[in-house]
Amino acid sequence: MEDERKDGAYGTPQKYDPTFKGPIYHRGCTDIICCVFLLLAIVGYVAVGIIAWTHGDPRKVIYPTDSRGEFCGQKGTKNANKPFLFYFNIVKCASPLVLLEFQCPTPQICVEKCPDRYLTYLNAHTSQDFEYYKQFCVPGFQSNKGVAEVLRDGDCPAVLIPSKPLARRCFPAIHAHKGVLMVGNETTYEDGHGSRKNVTELVEGAKKANGVLEARQLAMRIFEDYTVSWYWIVIGLVIAMLMSLLFIVLLRFLAGIMVWVMIIMVILVLGYGIFHCYMEYMRLRGEAGSDISLVDLGFQTDLRVYLHLRQTWMAFMVILSILEVVIILLLIFLRKRILIAIALIKEASRAVGYVMCSLLYPLVTFLLLCLCIAYWASTAVFLSTSNEAVYKIFDDGTCQFAGKTCNPETFASSNESRLCPGAHCQFAFYGGESGYHRALLGLQIFNAFMFFWLANFVLALGQVTLAGAFASYYWALHKPDDLPAFPLFSAFGRALRYHTGSLAFGALILAIVQIIRVMLEYLDQRLKAAENKFAKFLMTCLKCCFWCLEKFIRFLNRNAYIMIAIYGTNFCTSARNAFFLLMRNIIRVAVLDKVTDFLFLLGKLLIVGSVGILAFFFFTHRIRIVQDTAPPLNYYWVPILTVIIGSYLIAHGFFSVYGMCVDTLFLCFLEDLERNDGSAERPYFMSPNLKRLLNKTNKKLAES
């Protein structure tokens, strides 16, 4: 069982090379064409960004827009002191036209504050409340018209309803009182024509405002919590960093104990499960109805019914017994490989200890990813806001010009206005008919594609850099004396100087798969309303296939980058050699993968759980640290969630370095077994512990 498959099905084993002493320093550039394509794509990406920044206006996202296309609350404009958008008739926002035009077919103006009282124009124009009412009429309104003319021309709303701002827009303050929907203190409203209607007609247009806190107030409270708790949040993240470092150091000494304890616990848990199933099976003997078979019972929505059948517990017992036997047999036959996996994990802990600066490299990756995300997000916002204001004719009746574009400056004197007296020319959406506007969708797709490509390139650069550093450690015959100076910086320089094209190639393949997955998700959202079951089934199959393909490509790329870091070959050659090497040692790969997955899961749960529990007890005032107590908070979950998420990211960063170290040492170990035989001319580079497990020795060292 020691030797894996050595036949030609997965290539030929590596042959001894007397000049090979670890990562090759004298190497040439690889995949130059892909490097050129990446540089050209980056130039094009910058050009797209410049064009988007020239035409875009992010104010369209931040500020709401009135019927004239002017922003509400923007400094330096006439609406600077009017941050909220007011709808003349919110009921019309429930019209199907909104789904087509993305705009309510009712006049909209910017106001200083939302209405706080119930008023009708009919009552207000003859009372002292008229000055208050006029601030909700169109700018420049003159009260020299009759009531019917004002309402016909849409100069003022027919009714004011108590409202609250939500996302800078005024929505009726609907609440329930004794089971009755009310707006303020009213259950009805007047439509401006003398008739009163039930307030439930307003629910469709304003239900999102019911029971929702103002977003601005919520954000301010969260910001206040951060200002008074940031010091303790930083302390919690530092604790998480120290625990992550300590866990990696302890793996050198406790990896074996942790793995064997895990295996024993699994065996004991399965054994107890078998015992419990047997006891339940015996307890149900003689009970009425317990001998009914599962087939006769059929499917039941209440799954607890099955627990009253003896056959259910018998099935559980058989399944657990099979699992128990399989695990014990695997443990017997794979014991040596489990020991090898543990030894490699311990060796990885030593390697990280000798290349401590590798633990800081995730910060470089994080900063580069933040740069990619920021550029992608800003470009996407500018692209989405680079349309021009489009005005259309809105009318409640049957105007033949409804939906046609118009010019708000000349609409009052136009033929359309005369033929449709009740129509309005108001802002509809942002769009355009130029070639640039027609290409916006393609530019957004290109923006997303370049984000995936560059993000994957950044991750690939980190993997090649770490692999080169840890490979230098493994192939040092006398550790750490033969370890080169600054191995991490040397590996980083080699990756950028020689292998930018190879990294771009691997990142490109992954980006293509990811953009296809995004497009499938988009199509799936569009097809959700369809009743075509075959289309849904096909879409599910495609999503599953591309998900599996992405996972496989990630695995293949990771190992290809290790071979690139060691030998300096191009991407395709490295991927083929890595794949064949792993397939020749497939059992060792499976065992090492599961063992490391368990240890990393255990480490993350331990670190995140410990720091999270400590943060919970501290911020809920259950414990004190050095006579200091937690500051008063609006929401104690704000710092707790921040600490938990930050702790997970820190632990993930540390373990990503450790995982890359384990994978690199594993591939080097497999290469070492194929290249060398322990003779004086071909000594093994593996650690003494690994040689002892495999009964391998270096003859020169043995004779001495």
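Each residue, glycine too, has its Cβ placed from N, Cα and C.
Note that the coordinates shown come from a computational prediction; the quantities given were computed from them, not determined experimentally.
According to TrEMBL, the transmembrane segment annotation covers 30-53 (among others).
Per TrEMBL, transmembrane segment is recorded for 230-251 (among others).
Per TrEMBL, the feature transmembrane segment maps to 257-275 (among others). Sequence-distant contacts of the transmembrane segment (257-275) (same chain, at least 6 residues past either end, Cβ-Cβ under 8 Å): 251, 316-317, 320-321, 323-324, 327-328, 331, 338, 341-342, 595, 598-599, 602.
Summarising the annotation, TrEMBL assigns transmembrane segment to 313-333 (among others).
Annotated transmembrane segment per TrEMBL: 353-377 (among others), in sequence order.
Counting same-chain residues at least six beyond the ends of the transmembrane segment (448-476), those with a Cβ under 8 angstroms from any Cβ of the stretch are 21-23, 38, 41-42, 45, 348, 351, 354-355, 358, 361-362, 364-365, 368-369, 372-373, 375-376, 380, 482-484, 487-488, 490-492, 494-496, 499, 503-504, 506-508, 510-511, 514-515, 518, 557-558, 561-562, 564-566, 657, 660-661, 663-665, 668-669, 672, 685-686. What TrEMBL records for 448-476 (among others) is transmembrane segment.
The feature transmembrane segment is assigned by TrEMBL to 496-520 (among others).
Counting same-chain residues at least six beyond the ends of the transmembrane segment (560-579), those with a Cβ under 8 angstroms from any Cβ of the stretch are 10-11, 22-24, 27-28, 30-31, 34, 460, 463-465, 467-468, 471, 491, 494-495, 498-499, 501-503, 505-506, 663-664, 667-668, 671. Taken from TrEMBL, the feature transmembrane segment applies to 560-579 (among others).
Annotated transmembrane segment per TrEMBL: 599-621 (among others), in sequence order.
The feature transmembrane segment is assigned by TrEMBL to 633-655 (among others).
Contact check: the transmembrane segment (599-621) against the transmembrane segment (353-377) gives fewer than three Cβ pairs closer than 8 Å, residues 6 or more apart, which falls short of the contact criterion.
Under 8 Å from some Cβ of the transmembrane segment (353-377) lie the Cβ atoms of residues 49, 245, 249, 252, 447-448, 450-451, 454-455, 458-459, 461-462, 465-466, 469-470, 473, 479-480, 483, 487-488, 653-654, 656-657, 661, all in the same chain and six or more residues away from its ends.
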